[in-house]
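Step one of this worksheet: look at the structure below.
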Amino acid sequence: MNKRNDIRNVAIIAHVDHGKTTLVDELLKQSDTLDAHTQLQERAMDSNALEQERGITILAKNTAVDYKGIRVNIMDTPGHADFGGEVERIMKMVDGVVLVVDAYEGTMPQTRFVLKKALEQHITPIVVVNKIDKPSARPEYVVDEVLELFIELGADDDQLDFPVIYASALNGTSSLSDDPADQEPTMAPIFDTIVEAIPAPVDNSDEPLQFQVSLLDYNDYVGRIGIGRVFRGKIKVGDQVSLIKLDGTVKKFRVTKLFGFFGLQRLEIQEAKAGDLIAVSGMEDIFVGETVTPVDHQEALPILHIDEPTLQMTFLVNNSPFAGREGKYVTSRKIEERLMAELQTDVSLRVEPTNSPDAWTVSGRGELHLSILIENMRREGYELQVSRPEVIEREIDGVKCEPFERVQIDTPEEYMGSVIESLSQRKGEMQDMVHTGNGQIRLTFLTPARGLIGYSTEFLSMTRGYGIMNHTFDQYLPMLPGQIGGRHQGALVSIDTGKATTYSIMSIEERGTVFVEPGTEVYEGMIIGENSRENDLTVNITKAKQMTNVRSANKDQTSVIKKPKQLTLEESLEFLNDDEYCEVTPENIRLRKQILEKNAREKASKKKK
């Protein structure tokens, strides 16, 4: 069987923040790919503004580097389980994976999730223990932990015999020895291991074409672009080909453009053959998992499995008293167009109409998945409202089931009791407890996903910010009875429209935590804080102090109030109850009651009872 020895296709997988994107940057710098004058920004692979800010990879990206005449195609994968749909499809495009693990933290839940997908496809693994220069590094322990994980995930004998390289991506050094003193100022050990250990693609270019779409991109000039691997045969610009759709129907189209990857660029090419990773344009409604074949030899590849969404929210047109003030796109038509555009590239997302023309049910893989969509829309100038996230229930063999998540927590021992108690209250079941040294403990729980909605803020304050929580979808299990999670405190709700005053805030502070500062514009029904008790409380935050001839005006100016608690988008979504909305505009994130007027709200809640 002929092989294409001039190519290696690999994916890099790792947990969030274990240094995967930095490693790719360093491989780019040290290969023969970038010109001397090309300045590489830090985390070059994370090209999306949100990725750069959060330091996480959201979209899978591909790049290619040349090393000693061999083209190494590198797929950078998202490390977060919310974007796991992408990970699965990338595994179909590659022949090997580079697993990057932190020399201190070791394996994490998302590492486990992504690795499981790779091992199931019988892909050859290489392990890079990164951040070896950390004073707290414990490489031997981490390699043993990786081996245990491989065994647990059912790796075969060949996969268990994985090569290990020790590196510091930040310093651009690597070595085959676990002694930090042996680090060499080069990435050659990683490149050499990729070339030696990862199999070259089979060269069956003389057979009929098979190209499968694994990822989608969209470009205003050429429309929808399908990114994937040529599994067999050749494809040229101008070819008349067939597209076998997911439902088995066939459409014909002409290949208008082909793109190859080199460095961080996408370059136009004229031809590609078996083993190449490329992008194809020419078919407007091409979709993930579909196969491109010759017109006279239509043979589809197996359809790619895409994970189903587990969480849903309602997106609505903003109808608050401040609607239309701050956004550029505010109408239902614009919001619907934007959601439909997102469906062009995000295959894990679902958008369904509701009874109202101004609302849509949007389903995704988790809170992070949906909050990133909302944040992107906000930055693009959209104004909208969203409801509280809720889990998607399913019926399996006649039994009502809900999604469960595997939760891994690293925390100082002193907070262990309160963490265990809080997760047990949310129906979490402890699976494992390990002392990781230095007074730290690692807890593993299986918890219903609805118990985790709104939990991370509580967890951070409980562990004084020292705790680290990671969770990933595990499976659907029979639904647990009763209410799980949710907010224990009521809301402080404005009864008036106007500007918040220092005088009012001073008296309201005794009742709970305030979210707004003096001068903030508020409206009736807007949530301006969290009550210290369980019930909602309506307050007048716009009341000014009455001036008499006895008091001087200056005295009021010197009143001291606490700094308001300003909620991020994620915290706002976590705060929401079922009768509330989060109003999102390019300039502000506000919380509000669905029914703004106090009397109407009280009537509605009586009816519910």
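Glycine residues also receive a Cβ, built from the backbone N, Cα and C atoms like all the rest.
Automated prediction, rather than curation, is the source of TrEMBL annotations.
The domain 'Tr-type G' annotation in TrEMBL covers 5-202. The feature GTP binding site is assigned by TrEMBL to ASP17, HIS18, GLY19, LYS20, THR21, THR22, ASN130, LYS131, ILE132, ASP133.
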* Structure fact -> In all the protein chains shown, the tally of other Cβ atoms within 10 Å of the Cβ of ASN130 (GTP binding site) is 26
* Asked: According to DSSP, which kind of secondary structure is THR21 (GTP binding site) found in, if we only use helix, strand and coil?
  -> helix
* **ASN130 (GTP binding site) in three-state DSSP notation** => strand
* Relative to the Cβ position of ILE132 (GTP binding site), how many further Cβ atoms are located within 10 Å? -> 27
* Asked: Average pLDDT across the domain 'Tr-type G' (5-202)?
  -> 78
* CB neighbours of THR21 (GTP binding site) within 10 A? -> 26
